[in-house]
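Accompanying notes for the structure given below.
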Amino acid sequence: MLDWIPTVSPLSVVLIPFIGAALIALAASRPFLRDLFCWLTPIPFFIAVLGQLPNVLAGAGGTQALVALLPGLEIGFAIKPLGMMFALLASTLWLLATPYALGYLKHAGHSNIGRFMACYAIALGAAAGIAFSENLLTLYIFYEILSISTYPLVAHSGDKTSRDGARTYIALLLVTSVGLMLPAMVWIWQATGTLSFTSGGILSGEMLSPAAGALLLVLLLFGIGKAALMPFHRWLPAAMVAPTPVSALLHAVAVVKAGVFSVLTVVLYIFGLDYIVTLATHPFMLYLAVFTMLAASLVAIQQDNLKARLAYSTVSQLAYIVTGALLAVDLAAIGGGMHMLMHGFGKITLFFCAGAIYLGSGIKTISAMDGLGRRMPVTMIAFFIGALCVIGLPPTGGFWSKLYLVTGAWSAGHYVVVGAFMLSTLLNIGYLLPPVMRAFLKPPADEQKIAKAKEAPLLCLIPLSLTALGTIVLFFAAGAAFNLLSPAIP
Amino acid sequence: MNVTEWMPFIVLIPLIAGPICILLPGQRLPWLLAMLSAASALIIAGFTFAEVITNGTLRYAFGNWQPPIGIEYRVDAANAFVALLITGMASIMLAWGKPTVDVEIPERQSSFYALFLLAFAGLLGITLTGDIFNVFVFLEISSLATYALIAHGQDRRALVAAFRYLMMGTVGATFLLIGIGFLYIMTGTLNMMELAERLPALADSRATQVGLAFIVVGFSIKLALFPMHHWLPNAYTYAPSLVTAFLAATATKVALYVLLRFVFTVFAPDYSDAAMPLAIAFAVLAIAGMFAGSWIAIFQKNLKRLLAYSSVAQVGYMVLGASFVTVVGVTASFLHLFNHGLIKGALFMAAGIVFHQIGSARLEDMRGLGRVMPWTLTGFALAGLSLIGIPPTVGFVSKWYLISAAIDAGQTWIVVLILISSLLAVVYIAKLIELFWMQPRPADSPVVQEASPALLIPLWLMVFANFYFGIDTRLTVGGATAAAQAILGVPVGGLP
Amino acid sequence: MNILSFFNYWAVILLMMIGYYGMIVCGNMIKKIIGLAIFQTAAFILFISAGKVIGGATPILREGIALYSNPLPHVLILTAIVVGVATTAVGLALTVRIYEAFDTIDDDAIDTLEDDK
């Protein structure tokens, strides 16, 4: 079906957004040209990513070794099913997020659009680099590029709150990656002489003392700060000072999914499912993830600011995926991988809606949303569908991923985790449906404000409708995702 | 071409060109001569490096007087590597710095360039010679020229900085002279290789130990090893931009090289460690410097001074690598020596361009400058990322090796300290980036333009080098490994 | 072999300490330079005195003499003296310029002047 697309090398795929970013930056002072490049860059990127799919499905994803950074330590790419899914998710949503971002920025009167869109493109290139990494070092390089390139986006508006938020953001991400992940990486390299992602893991009990293995697990899981495991989750709410397109594509999809993708990859291909369950810290980390899942949901319920609520919801949903990885059974790992996809579509819809609500009515808090559904029906219906997907109710894709996660936990015998999943789903309902109910069922609290509200511009409205539609399509297409992912688990 | 015959010209060309330079009139000719001699020295140094890596050590006895009577140049992978760095840096700095010199030193440029060449020749002489008294002489040639160069700064405080550096520098050099005297009294030779042969027999002699102590302290002052760094911040802050960039990229590096040469080649590594707890002393001072330098840098209000304190911290990283006394550790040291030359060179070049455009190095005058001078400050930011150690830059490769060396030496707690201190670098670089881009330009600030391509192209070459050598590490890691093996006396292999 | 048999070293140490003391304590830059010069001279004497071989003659090749003093330290110190003179000259030149710029050559006074800015 996809044979007509030429298959290019992984490096070329990764380079497309970077080239696009350079073009956008160079054309920053010419609005027409700049917008043209912004529109055009995601398209070849998407096609190039899609072109990798047939080979991955055939079990022979492209590989490419670039240079030896240090003797015996190469920068290289290898496309594996999990990475393929992440890249497809990011490239698809970038296609939709670009018009949204341009529409949002212009409508909200932001300046420096060139810098913004260039960094946006770099972040996507870095996400693709993470997805296609052949080894931990390559992953780390793109991980850091992603952190750095999103910093200007978070601080974009340049006032004091956004500077403070951006400072927390970059500080936490760099402290965890430089302070914990880097030494863990050097340590693994010293112990095994390789950092390649290998099916079944490269670490084993013979190479490391039990204490060392246990410490490495902690270092890596906390070191991948983008997975927002508590107590290193503060950067995600802090990042909400960014313009909504950033929160939508990056802090609901690219950045956080890069984090959980890294966790999944590390668990599957560095530790290996068999080795990880023998580590002394494994139960602790598993229950920390479960705790994060519940605690973040509880915090989310108390947030009145819509974006803050969504941010804590993201922290909680990421913990689902980490839990799925740490359950160390194949069904749960596949469920984690699928939840990356499903939550990505669901959460970007919610953020798109939050941005559209702000643009259309100036409302940022949930308490002010009473009666908004009559003025912004499309947005609120999309919000409802997105919420269903994040909660995990049919007919949306989120249903399948949560089903696999729960089944996986059940088959692993972790009944406490099963209970936690259930409880957390109830909490999801508790924080995601009230905005919808307020908007549709309650009479307007502030008549004047609501009366002035109108749907956001089409550039914003169409993408959010499409992603909402996407969550429903995924309900029926989940089998394809399962087939793509299942070879990833040994 | 016989490389051995040409090798001494690396030093001789700038040394001879220096006096000629004074006689040249105008602004263009002296610069051209300096540029030409730096470039030709670079070419010869390149050939020398290639030759040394493939065929091993080169020796050249001056006037065909064989050692111990004559002075011998003895070039192995270590000094060839350092010479390559110095000549490369001098070439790119000269290619870059002419516009800044035209503004900062409008008159008598011929003597300025002559001094520059002398400082350059002195550094190369220290690097290439195999005779310890010759080290002292070249050290003084380069130091005296450097004092005068620093005094060329526009601010009158440059004079005071130069004077204080002269005081400390001369004390350091005299300490070195005393140390050399002790070694000569005990062994009767000044040739490094003969010293290395004779010293083991004198292992228990108190006099050689004292000699070593004097030498280590003398070079530590030149190296600006914490807490002997007091001359450095003022000197870097007030010197002309070209001088600051050149010194930052080379001077402390040469001091480190020659210190390692003494500690590891002239004295055996285990001797230096047994006679005095040098490894521990280096480790403690290095770590103290890493923290103190970065910490002080965070609070600086002057861009050049901030970078100078950062240099104090970075010297700590270099010394720390050597303090492990392993091949990996010394490799990390040499690697960071080279890489930090690239990083700080780029940063000081960018700082120099900013100074050239706005006439100030105070941070408060630079608010929002990123929008006005995007090319310069993007270059600065990228080099700053390299300083922090973000991949894929040279700073990352350095850090990787340093952490590897620490784990290899079993010093896990040092890994923690390295990581914490490098997070301090994140603080001051992030502070600058925020200042340049995230703050609005004050309304009353003067109109500023982006610098001319003549200034920007060399800067971007350096930035590019920061990334290129962060990805293709064959030259740097290979050279540093060979250098470490040479200086520790391990048999030299080819490039990996 | 008693303490006095190393009297040259005692002289060196004494001179060195005098010079160093002068450099540190005196605020006047000229006095600092004088201290520096004494300090350097001490190092020179260390070298030169080491070249003396007991019973050795001046190192001029002539008949009937078997034992010569070592000439090499003298030659080396000749170079070092030149370096020392150059250092003093640069130091004095800087002092002149500092006097022109600050109207004082007192180190502490300059510090207070700088703080004002």
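Cβ coordinates come from backbone N, Cα and C, glycine included.
Automatic prediction, not curation, is the source of TrEMBL annotations.
Listed in TrEMBL:
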- A:12-33: transmembrane segment (TRANSMEM)
- A:45-70: transmembrane segment (TRANSMEM)
- A:82-102: transmembrane segment (TRANSMEM)
- A:114-133: transmembrane segment (TRANSMEM)
- A:133-427: domain 'NADH:quinone oxidoreductase/Mrp antiporter transmembrane' (DOMAIN)
- A:139-157: transmembrane segment (TRANSMEM)
- A:169-189: transmembrane segment (TRANSMEM)
- A:209-229: transmembrane segment (TRANSMEM)
- A:249-272: transmembrane segment (TRANSMEM)
- A:284-301: transmembrane segment (TRANSMEM)
- A:310-334: transmembrane segment (TRANSMEM)
- A:380-400: transmembrane segment (TRANSMEM)
- A:412-433: transmembrane segment (TRANSMEM)
How about long-range neighbours of the transmembrane segment (A:114-133): same chain, 6 or more residues beyond its ends, C-beta under 8 Å?
10, 13-18, 20-22, 24-25, 27-29, 34, 38, 41-42, 45, 49, 76-79, 83-84, 86-87, 90-91, 94, 101-102, 105, 139, 141-143, 145-146, 149-150, 152-153, 156, 197, 243, 245-246, 249-250, 254-255, 257-258, 261-262, 265
Recorded stretch, among A:45-70, A:209-229, A:380-400, A:412-433, maximising Cβ pairs under 8 Å relative to the transmembrane segment (A:310-334):
A:412-433
Cβ under 8 Å to the transmembrane segment (A:284-301), counting only same-chain residues 6 or more beyond its ends: which ones?
217-218, 221, 228-230, 233, 309-310, 312-313, 315-316, 318-320, 322-323, 326-327, 414, 416-417, 420-421, 423-424, 427-428, 430-431
Ranking A:82-102, A:139-157, A:412-433 by Cβ pairs under 8 Å to the transmembrane segment (A:249-272), which is first?
A:82-102
Under a criterion of three or more Cβ pairs within a distance under 8 Å and sequence separation of at least 6, are the transmembrane segment (A:139-157) and the transmembrane segment (A:169-189) in contact?
yes
Go through the chain and flag residues at least 6 beyond the ends of the transmembrane segment (A:169-189) whose CB is under 8 A from any CB in it; none is fine as an answer.
73, 136-137, 140, 143-144, 147-148, 150-151, 154, 195, 202-203, 212, 216, 219-220, 222-226, 232, 234-235, 238-239, 270
